[in-house]
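Scroll down for the structure; my scribbles are underneath it.
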Number of protein chains: 2
Amino acid sequence: MTTTPVIDGIHLHARLAALARVGAIDGGGCARLALTDADKDGRDLVVGWMRAQGLAVTVDAIGNVFAVRAGREDGPPVMTGSHIDTVRTGGRFDGNYGVLAGLEVCRAFDAAGLVTRHPLCVAFFTNEEGARFQPDMMGSLVHAGGLSLQEAYAATDTSGLRLGDELERIGYRGRAAPGTIRPRAFVELHIEQGPVLEEAGRTIGAVTGVQGISWHEFVVSGTAAHAGTTPMRLRHDAGYVAAAAATYVRQLTHDMGGAQVGTVGVSELRPNLINVIANHARFTVDLRNTDEALLRQAEQRTFAAIDSVAQAEGAAVERRRLARFEPVVFDAAMVAHVERVARAHGHDPMRLPSGAGHDAQMMARLCPTAMIFVPSVTGLSHNVAEYTAPADLEAGAAVLLDVLLELAQA
Amino acid sequence: MTTTPVIDGIHLHARLAALARVGAIDGGGCARLALTDADKDGRDLVVGWMRAQGLAVTVDAIGNVFAVRAGREDGPPVMTGSHIDTVRTGGRFDGNYGVLAGLEVCRAFDAAGLVTRHPLCVAFFTNEEGARFQPDMMGSLVHAGGLSLQEAYAATDTSGLRLGDELERIGYRGRAAPGTIRPRAFVELHIEQGPVLEEAGRTIGAVTGVQGISWHEFVVSGTAAHAGTTPMRLRHDAGYVAAAAATYVRQLTHDMGGAQVGTVGVSELRPNLINVIANHARFTVDLRNTDEALLRQAEQRTFAAIDSVAQAEGAAVERRRLARFEPVVFDAAMVAHVERVARAHGHDPMRLPSGAGHDAQMMARLCPTAMIFVPSVTGLSHNVAEYTAPADLEAGAAVLLDVLLELAQA
């Protein structure tokens, strides 16, 4: 006899709190950098819960963990999940929430005596944050075939430790070949990490895709000179070039509008003295758009503007690409499915793109994929003060349950 | 029997080199911060030369040193001089050149058997640079009555040492009351420390005055947020405010033209990460003009622009005045006198204001004052690579000689 499966909110909160105690840091946050002892402890805790729930756990060669709940039929599972590694001063919900909510869906199905047609799989992927080893979203990227095991193993942290060795050391270099479990569909539940849902007063976001990201570093070489004795027309001011670049980026986002965002987050001058014209400036430009053609346009316009201002100033500028990802557009039917379920739960869901990267964007290479967002208070994330209200966490998990249920029964 | 007095260039260069060996640092520069052991050693060397030349040396209570060559009449001397302290990585000519050239003028008069009508005085003033104790131009400021001895003695360096104690320690707290020697006229020979003479192909600058200086520090408080997930309209980007301020300052100097210069030499962001909108920015604005009304206008326009951009960004901004000096205009007859002598020496002198501060601007409070500039290669100063060609050093000293001779015989 089956009943209607429902999320056990109390249990979800208790597990989030228990996982947050692993690698806990002052202020309520977590430090579980990928493949550290703290990451191992977090993994052991979650794998223990998976096994205790009777799920079949597989660890692959990059350390991704898959917990499968059998369905009436064999074949590809419906997959959900996220990551449990954190940045150095991370919050307790980023990633962890999606994984533990997936386990709560399994518990709810168990409690309701429900066996789905297709298997259900709850996954957590290795090194999503990229805070210790680059690139980020590494486990899901390897799973999707976008990065070889050899390349991933060769990544080193700042103290020279190899990722492959660290994976072995913490006991999570599994035997399964990456990509073996190819799901029918993938759904990731995650906190928004931005202020949009909160500002709009919505509880559920139906994520339409992930913004493309373009990261570049610029180094400007001018000429140090006395701020009093050097006429304006004889200056080669590296600091001015940096300032003009930052104001251009802001103007560009206004001119392009839409989803285009742009940020100069790093800016440093040398010698950085009040009465000396800077001979050196280093700054970064972070450009994002949901549309690849527009993102390319933003890059080209920014590069041209910076070259032009540097040339006019008689300063040299060097550009280095730090990261570049094309936008990802999620499957339209999957996004509509999330919206439909959210409405059935009484929500007024909001379509929005993700401004941050997620494992779902790698899984979208393999299968129809969607993401569900819940609000982040004041948009704060990668911060110990990251917070989402308990009711919102429960609402997101409840939507996830019905989204997965429908996919698993289809 | 008198002959025509002439500067002994070889001797001038030898003394500049000998003084540069005191506190010598790599690259050919000097570190003789005010009232350090190195400053004492430099002072002892120069005072030794003064005494060896038969000059009457007086040290006043702030450590200014005056060496008087008697004239046919008593009464106020014609004074020349500058300073011999340096910044931490200073050059060998800044200040030292004017003092040692003054001593060469005395030697030339001696060699020519010439006794002038009025006494001639060669001075060096304490702590012109202000690199260890603030304010800068301290010795000449005290001499001119602009700062009390008590205030000057109370100045402390970064390790908490009091200027009064350090002056006593190195044996240069003299007995003479500051301001006792009130000259008939003051002439300071100095390297330009800027690129204007070199660019114009001129050897001698007739300095019209000293720019007024306005130094302010701004601290902007915005909100740290994710560069990907935060829509442009929800940002409070402290880094953008700093960048917009720096581009405004540049635009202002173009709009105002003339002698107006403006520099943002310090700019720092926090957290200074590529994908985080800065919640904190600190920057400085250095504005200078030869006209006080225009300098005030530049300040007001800059303050208003920064307040306006911060308000539009939803960021708070705090402003702190770090320094403010009104412009100084040198005596027109004195400037014309320098020009006339320079032309008589076959030069095509250039009128220009000084962008840097000098002891002469304090002495201008007491008597008709002028400055003579010689070129600085590529405008470099406060740098171990500071350089002026030997022929230019000799040309400047020769002009100084005749400028002083005419004043001392008048």
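Placement of Cβ uses the backbone N, Cα and C atoms for every residue, glycine included.
Positions annotated as Zn(2+) 1 binding site by TrEMBL: B:H83, B:D94, B:H190. TrEMBL lists B:D94, B:E129, B:H382 with the feature Zn(2+) 2 binding site.
On the structure: features taken from TrEMBL.
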| residue | record | DSSP (3 states) |
| --- | --- | --- |
| B:H83 | Zn(2+) 1 binding site | coil |
| B:D94 | Zn(2+) 1 binding site | coil |
| B:E129 | Zn(2+) 2 binding site | coil |
| B:H190 | Zn(2+) 1 binding site | strand |
| B:H382 | Zn(2+) 2 binding site | coil |
Between the binding-site residues B:D94, B:E129, where is the Cβ count within 10 Å the lowest?
B:E129
Short-range binding-site residues relative to chain A, from B:H83, B:D94, B:E129, B:H190, B:H382, with Cβ separation under 8 Å:
B:H382
Proximal residue to B:H382 (Zn(2+) 2 binding site) among binding-site residues B:H83, B:D94, B:H190 (C-alpha distance):
B:D94
Judged by the number of other CB atoms within 10 angstroms, which among B:H83, B:H190, B:H382 is the least packed of the binding-site residues?
B:H382
Do you know offhand how many angstrom separate B:D94 (Zn(2+) 1 binding site) and B:E129 (Zn(2+) 2 binding site) by C-alpha?
10
Which whole-number value in Å describes the distance between the Cα atoms of B:H190 (Zn(2+) 1 binding site) and B:E129 (Zn(2+) 2 binding site)?
14
Cβ within 8 Å of the Zn(2+) 2 site's Cβ centroid: which residues qualify beyond B:D94, B:E129, B:H382?
B:T86, B:V87, B:G90, B:G91, B:G95, B:E128, B:A131, B:Q193, B:S381
